[in-house]
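Heads up: the structure comes next, in structure tokens.
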Amino acid sequence: MNLFSLLVSALVFVVVEGHDGHHHDDQMPLNYVKFPQPIYRVGEVTADAIFSGITTFAKLPWVQCLTRESHIPFDIAFIGAPFDTGTSYRPGARFGPAGIRAGSRRLTLYGGYNVPLQVNPFNSGLRIVDCGDIPVTPYDNKFAIQQIENGHKSLLQREAYSPLGNDTVSGKQLSPISLDGKHHPRVVTLGGDHTIVLPLLRSIYSAYGPISVIHFDSHLDTWKPSVFGGAPSEQAAINHGTYFYWASREGLINNGTSIHGAIRTTLSGPEDYDNDDESGFKRIEAREIDTIGTAGIIEKIRQTVGDGPVYLSIDIDSIDPAFAPATGTPETGGWSTRELRTILRGLDGLKIVSADIVEVAPAYDTNAELTTMAAADVLFEVLSVMAKTPLGKVVED
Ligand SMILES: *[C@@H]1O[C@H](CO)[C@@H](O)[C@H](O)[C@H]1NC(C)=O
Ligand SMILES: *[C@@H]1O[C@H](CO)[C@@H](O)[C@H](O)[C@H]1NC(C)=O
Ligand SMILES: [Mn+2]
């Protein structure tokens, strides 16, 4: 150790000793972050411009939820699942979590108040954290899929930090909507290719049973392995075009109350839609926006899913490649970022128990971070909707 690094260590020690009087011996760069997160931290030790520091989603505090800080409770957790060995075309979504975090740095520049939804999720009283990434092996899909399920389940199966509270309309106590009667936190997963939704839905099932799914994507993803390129092995049959087929067969999806939006893929033939029907999904084609508009699309979604628990999965390729080019299987003729954000705000009031955004492959992005910024902004709408709607129902006496 030379004199310089000695000096640096001494400085770091002073810093981590910190003003809360506790000594943190771990390497915890966001030591200065408090709940709720102040926008400016006058007199703090670390430069805190939105373009500086360690990048977490929206500059949220980093909590090592899966390891040494598993005792810290939260209400909403962001977590990455850097898996991309289930892709059929462009690989690279393993860099999605890092890319989305980079694209999200500006989210709280002005404070994070969502004007149309009239909420600031960052100071709504909920504890929102970034848990980093689930460890995911790039060498063995079977193992990786199990890692993703375990990581997600470990977060989901905890008790939420904030109590459910009372219903704003009736004033009566809310009770959890989960199967086990526990008030679970919500998890927002940063993919990763779309295969990750199979283990995520297995985890969701453990808390909520079969779930209604809202799925934004240009593709069906309910394909039978035999149709979707065939499958030389059992493991190859589970990929980013077939995971909903398997999820449906495992009984993880509510039949008839799940829906795809932004569909515009070509098919092997019309029978792909019969197979999709059998998998339990309704469909909204991307082009329907020309006739029924965003309002019509929102209405279709709400009619389909009702007011039960719902899981939200967003493939970034639901957005047109003009606005989000950096994705595994781009399809032209999609929705604009503005249109998808409007549709997401239209889900206000739905009980979204958890969500993901997938197929962001930053290597194909522009230098302007077009896709990763779109992904982050889309999640800002999801976060705002979550912050407004507690996962509870009124107890009738
Ligand atoms: C919430 O509701 C319960 C009963 O439903 C009531 O006892 C309690 O006082 C309420 N709390 C508030 C803060 O209104
Ligand atoms: C869903 O319901 C439809 C219509 O009743 C049925 O044909 C289909 O087999 C069901 N799918 C599953 C996975 O249960
Ligand atoms: Mn997809």
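Start at 1 and count along the chain as shown; that gives each residue its number.
From the backbone N, Cα and C atoms, a Cβ is placed for every residue, glycine too.
Residues or ranges marked as Mn(2+) binding site in TrEMBL: His194, Asp217, His219, Asp221, Asp315, Asp317. Residues or ranges marked as signal peptide in TrEMBL: 1-18.
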Other C-beta atoms that fall within 10 angstroms of the C-beta of Asp221 (Mn(2+) binding site): 27
Shell list (Mn(2+); ref centroid = CB of His194, Asp217, His219, Asp221, Asp315, Asp317; cutoff 8 A): His215, Ser218, Leu220, His240, Ser318, Thr329, Val358, Glu359
DSSP three-state assignment (helix, strand or coil) for Asp315 (Mn(2+) binding site): strand
Cβ-based isolation winner (fewest other Cβ atoms within 10 Å) among the binding-site residues Asp217, Asp317: Asp217
CB contacts for Asp315 (Mn(2+) binding site) [other CB atoms within 10 A, all chains]: 28
